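Per TrEMBL, the features are:
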- 75-277: domain 'ABC transmembrane type-1' (DOMAIN)
- 34-53: transmembrane segment (TRANSMEM)
- 73-101: transmembrane segment (TRANSMEM)
- 113-133: transmembrane segment (TRANSMEM)
- 153-174: transmembrane segment (TRANSMEM)
- 199-224: transmembrane segment (TRANSMEM)
- 256-277: transmembrane segment (TRANSMEM)
Amino acid sequence: MSRNEATIKGIVIYEEISKEPCKPTQPLNIMYKLLWCITGINFIWIISVIYSMTSRVTRSSLEELVSSSETLAAFTTTCTSVGISVIIICMIGIPTAYILAYNTGKIYRILETVTCLPLVLPPSVAGLGMLMAFGTRGFLGSWLASRGIQVPFSFIAIVCTQVFIGMPFFIQILKGKLQSIEKEILEAAKVFGAGHKSLLLSICLPLSIRSIVTGVILCALRGAGEFGATIMFAGNFAGKTQTVTTRIYTLYQYDIMQAVTLAVIQLLVFLVPFMLLKIVVKY
């Protein structure tokens, strides 16, 4: 057999082998099944918790809860505060993310570390810290109190809490997207005389709109579900600073079925923007 014939025969054999389906080995099958078992445990765990709550909701408890003025006030307070806090987060978070995305050095690393601190602080510690800062004896609170502005245990405190907790999420999401924009696009814009204002408004923001929407939804969900920092800094006064989560805590103390019903309603309300995030935004 000549060398060329051997080469041709080898190619034919390779093509025939490549057409056959690749059969995984037995250890691979076992590992794959093990991974599915672990995934199934996580799925069943979550579904069990949700089912345990939803199965306890009755029509009478739902009607009683919906007719409660305190519950409606809690939803109003939550939605209003979340709307305001999201606007503030966008106003502060977009410029901050832009600065941190396109600058390097020790100063900017320190700034980013400080910006991310709320991510690692326990909610109760964050609430206590804001109470110390904005209280009547705090370095910010004393100055505001002298001008007749009281932040703790007010609606403003709810907004401050949601901004403090949600800001790092928004900044990190947007910063990651800004850093993924091709540098050639930005350099070309600079060649044609684009300044930072034009880069931010005309290039960076349009290319980052999906990340902005994602950040807004996540911040809204995080703020609406906040409990520890809210109850420490804003309190739990019905009709004034009581949010849905703190209302659930209040109901839990004397009527657990009403607390479960409100928790299920909050879960369903949260599910709508979360599904929007997964299906439409595809985050």
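Count begins at 1; order follows the chain as displayed.
Placed from the backbone N, Cα and C atoms, the Cβ positions cover glycine too.
As the structure is a computational prediction, the values presented were derived from the model and not from experiment.
Sequence-remote contacts of a segment are chain residues at least 6 beyond its ends whose Cβ falls under 8 Å from one of its Cβ atoms, and for the transmembrane segment (34-53) they are 260, 263-264, 267. Long-range contacts of the transmembrane segment (199-224) within the same chain: residues 78-79, 81-82, 85-86, 89-90, 93-95, 98, 161-163, 165-167, 169-170, 173-174, 176-178, 181, 185-186, 189-190, 243-245, 266, 270, 273-274, 276-277, 281, 283, each at least 6 residues beyond the stretch ends and with a Cβ under 8 Å from a Cβ of the stretch. The stretch in closest packing with the transmembrane segment (73-101), judged by the count of Cβ pairs under 8 Å and taken from 113-133, 153-174, 256-277, is 153-174.
Long-range contacts of the transmembrane segment (256-277) within the same chain, counting only residues at least 6 positions beyond its ends with a Cβ under 8 Å from a Cβ of the stretch, are 50, 53-54, 56-58, 61-62, 64-65, 71, 214, 217-218, 220-221, 224-225, 244-245, 247-249, 283.
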